[in-house]
């Protein structure tokens, strides 16, 4: 069902007046709320120039925000690569015909999907050093946590993707004499990967947001540098948090848009991963990013 | 496992998970109500409401939850002086509930909206043909049918919410991840059992929940 117009009639004169009245009433209420928040912050002195001035200073950007952004992107990139590898290995493992491979793989994936990321980061950062007798850097604590969690989510996505490749593909491959590993490597994974691309990118958004948890183990990422360290220097915690939120929103919106674009693009191709039972008329049914598998994690 | 035989540690473990359950429960109710309202706004005929719903979803879905919770604490509480309880711990709890609710509502909204999209067009057309208004169409015809197809996505939103509740620990609530951190720091010789107990409790709570929602979604699915 395309939600734009099916749910209500084309507005006639009365409906148009009613909609305008509702728009005005709600708009005024919204502006009132915004104004109220504005005055509250104003009373608290949050709009004063000196709190915002640091953001016009190039030193703020070169010393705090850009290094923080770089650290965030670095953790996200390394985490993504490792998650992809983890995801492929465990997806294939879970699809294996050998019970002694598929059952442990399934258990690992289910386990790490159910454990909060924060718990894993704490374990790697505070607990692992006792076990391996050497310190673990905050970077690796974040990356390992991200890999285990997002890798497990991706493993499930890949498994669904591999199983969605039409059966005739692998049958044809077996018929021309390919071995099981060849069928997987040459036939199933390449086709599944293309269909799974939008989900991979929307998982990247989740992963990028999750790097913010690095702040809890003092990994110098965007939240740590941009909000904590910056406000320790200039005493402007609220303005700093607002600016960082805008930066996160811009980056993630771009990624979400990219995922949506990939999704629309792959929709025209031959086959794609079936979502929920979508009826034929539902062309614009998925929310941007097609995030049916991606789970909202901090 | 002698860490957990000490009643002090065991109590901390239990109270940590009770906080998680309380956070999840309260936020799930608030986020569900808010999310359905936002979804209704996003499909409504009033442009301002549609814009508001879209803005909410785009802002909160793209901001890290850590930052949202952070903002609830430093913005709402420290700067605006919004105090929800005289008890320090309860105050942090309610600030956490606010943060989790507004963040999760964005995901609930998207799940419900894609659920609305799975209802065949003919249903809404028929509803309009017999003269139902937008609110009636949505309430009586579309949402009840959409509800059946959103069980599975809402189940994963609930599971994510339960895991996200640990992030309220970043503003100082002694929930399970903070309890685990303290125990690890006091019992360096037993870190693996400690982690396995905490992670295992989450797994024991959430893996059956996932299967339950899968089963429920299958049972309720509309065969078309």
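Just so you know, glycine gets a Cβ as well, placed from its N, Cα and C.
Taken from TrEMBL, the feature transmembrane segment covers A:21-38 (among others).
If you look up TrEMBL, you'll see A:69-93 (among others) marked as transmembrane segment.
Under the heading transmembrane segment, TrEMBL lists A:114-132 (among others). Long-range contacts of the transmembrane segment (A:114-132) within the same chain: residues 138, 140-142, 144-146, 148-149, 210, 213-214, 216-217, 297-298, each at least 6 residues beyond the stretch ends and with a Cβ under 8 Å from a Cβ of the stretch.
Sequence-distant contacts of the transmembrane segment (A:138-158) (same chain, six or more residues past either end, CB-CB distance under 8 Å): 71, 74-76, 78-80, 82-92, 94, 105, 108-113, 115, 117, 120-121, 124-125, 128, 192-193, 196, 199-200, 203, 206-207, 210-211, 213-214, 217-221, 293-295, 297. Sequence annotations record features per position, and here TrEMBL assigns transmembrane segment to A:138-158 (among others).
Annotation source TrEMBL lists transmembrane segment at A:195-217 (among others).
Here TrEMBL flags A:237-262 (among others) as transmembrane segment.
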For the transmembrane segment (A:21-38), the distant same-chain contacts (Cβ-Cβ under 8 Å, at least six residues beyond its ends) come to 47
